[in-house]
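Among the features that TrEMBL reports, transmembrane segment is placed at B:12-31, B:63-81, B:93-113, B:133-160, B:189-209, B:221-248, B:255-277.
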Amino acid sequence: MRKIASITVALVLVAGLAGCGGGDDAGSTDEVKLAGLWPLSGPNATQGTDVLHGAELAVDVVNNDHPGLDLPLGPGTGLPGLGGAPVKLITGDTQGKPEIGAGEVDRLVTTEKVAAVIGSYQSGVTLTASQRAERLGVPFVNEASSSVALGERGLKWFFRTGPTDETFARSMFDYLKARQAGGDQIRTVGIFHSNDQFGNDGAGVTGKVAAEVGLPVTVNVAFDPTAADLGSQVAQVRSKNPDVLFVLAYTDAAIKLMKTLDQLDYYPPALLAYGSGFADPAFATGLGPLANGASSRAAWSSEIAAKRPAAKTVADLFQQRYGAPMTENSARAFTAVLALAQAIDTAKSTEPAAIRDALRALDIPGDKTIMPWTGIKFDDKGQNTGAAGVVEQMIEGKYRVVFPAELSSVQPIWPMNKAQQ
Amino acid sequence: MSDLLQSVVNGLLIGAVFALVAVGLTLIYGVMDVINFAHGEMVMLGMYTSFFAWSVLGLDPLWSIPLAGVSIALTGLLMYIGAVGRVLGKSPLAQVIVTFGLQVFLRGLAQFLWTPNTRTVPRPWAAGLRWEIGPVVIGGPQVIMAVGALLATGAVAYFMNRTRLGGAVRAAGEDPAAASLMGIDPRKMYALCWVIAGLATGVAGALLMNSYSASPTAGVSFVLMAFVVVAFGGFGSITGAALAGLLVGVVQGVVGLYAPSYTLAAALALYLVVVLVRPQGLLGTR
């Protein structure tokens, strides 16, 4: 019986993945401290680190002089509204766990006295962390969580710069409508999603918009993100063979899914993903040619950046500094941190309430951001009304914009497996 | 029906890998009474060894099997000599803390050395193979992983049950005092257990790189199943682990078809049933 007891303890400990959060030392008092909470270890650490890099670059843009950069706070050093005070980003590691995210908010607000919190990439962690910030009365700015539910909680201190899954879902269904008009047969859709806040919420929104446009959802698979094998789950999709498969998955599962599709030699005519794992650089590098054909919604793309001088400069800075291309995730974090810095600058204060009021009054035109958006302006739910999405497809190892037509650079490849030949 | 068949086959194939991962765990457990919390990290290191053999030397994961096996066997020996061997005979809590500490350390080390990025071998040789038997499609990587895992598991079982040295290891596990009177040095046998566990996890890691991605937490989902398999198969029983691995794989495969969000829950429910109905496991004696 002792063995049973000890192996049970083992299960709990291994499943729990113990670890501890890290933070930097407190600095001098005249700097503006912001907390950045992301999954810097654990299964989503790749994306968390990428997001952190975007945020760090924004801090660099604020603190150092970038004379040629046509973005607010780009030229000049620090925040002019606070006498040139520099911004300091203090990071906390959520390990991708909702309870640790909330705990880190407590720690950073009470002991580090941060003026505001940015985070937390995963919707499930953003949910608990922003709730804790609300209770402590500190502004929480979210960069890349797209779960619709986050904005429906009536929070007073929550702001989201990026699009929600509903915005993204509408872009993707608009894309499908355009394909139908062009003669492609699209009669049914399937949904393949991880069984967590991000996946369940996105699946719900996809189902809702599908019903609005009259496309039946014939298969809806919620997989366990820790499952070692996705063979059965894909077999279930294959038996219903939907014309379009919507996917919500983080990196590990996204790679597993593409490998399983290859092994079973089954591809739906189109695979439309909600970013996240599909936006991770490891997706393309890890899969090589197997990644070709997958489509994903995106809030940012390097192709659009190339058309906008400020975005191109920022993307080049990112590449120089981190030796990796800027991604949707890092661009979103960059944008969130810069918007928050602008709000603090206009508030001329580090008082949480003053920052919150400044965020509410914020109105940044689209050409003063690096995003393909109409701008940044929050509604009474804290949602940015200017955020929008595009649809990209992985073609020859690179994501290319395929929708909307006025932003697209190539024709989509349909059915998707033609992209692999 | 064809989906069910496909799921059972998928389950059997991945179950073979669960079995191989469980072998080292059940061996160390059965012989030394030590739970190795860092077992999943040994698999993870095996995966990285195979990945770097591919990215640096251009070796296909199949060719890096011996390299990964030997490297992780050495790692296992180091873990035993440097840490675990020093707390043998001390309180069980000390042993738990040492192996758990190794887990946290190795995971942190991997993240420090290789970043948390997900590393994948894009097109291993096995990925070019595919068989279609009636309605069932079987990918090359799955078959290679399963066949390799079964062979390796069989080799360990043969060694333990049919060779003199294997008998000596079992003797050291059953009664260290009596074994040392017969001229067997239990400490050497314990070290051998860690070498074998390292060999098995290293081979498993290289096999997994045919289809999976290496990352600092890559070992978790396999070792979680391995713990269930060890309890299910009977502590210390290698044949039991092999059977239980296949069964757990099939259960996960079939549950994945009908209730895809509950694959982990199903495996853990199976574990609970075993604990309640047959605490010694399928083939356990103690």
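All residue numbers here begin at 1 and follow the chain in the order shown.
Any Cβ shown, glycine's included, is placed from N, Cα and C.
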Spatial neighbours of the transmembrane segment (B:221-248) not adjacent in sequence (6+ beyond its ends, CB under 8 Å) are 11-12, 15-23, 25-27, 29-31, 39-40, 43, 150, 153-154, 156-157, 160-161, 173, 204, 208, 264, 267-268, 270-271, 274-275, 280-286
The transmembrane segment (B:12-31) versus listed stretches B:63-81, B:133-160, B:189-209: most Cβ pairs under 8 Å
B:133-160
Residue numbers, six or more beyond the limits of the transmembrane segment (B:133-160), whose CB comes under 8 Å of its CB atoms
1-2, 5-6, 9-10, 12-14, 16-17, 19-20, 23, 27, 62, 65, 124-127, 166, 169-170, 196, 200, 203-204, 207-208, 210-211, 238-239, 241-242, 245
For the transmembrane segment (B:189-209), could you work out the same-chain residues 6 or more beyond its ends whose Cβ comes under 8 Å from its Cβ atoms?
17, 20-21, 23-25, 27-28, 31-32, 36, 39, 42-51, 54, 61-62, 64-65, 67-77, 79-81, 84-85, 88, 121, 124, 144-145, 148-149, 152-153, 156, 159, 165, 168-169, 171-173, 179, 218, 222
Intrachain neighbours beyond the transmembrane segment (B:63-81), with Cβ under 8 angstroms and 6 or more residues off its ends
24, 38, 42, 45-46, 49-50, 53-54, 102, 148, 190-191, 193-199, 201-203, 205-207, 209
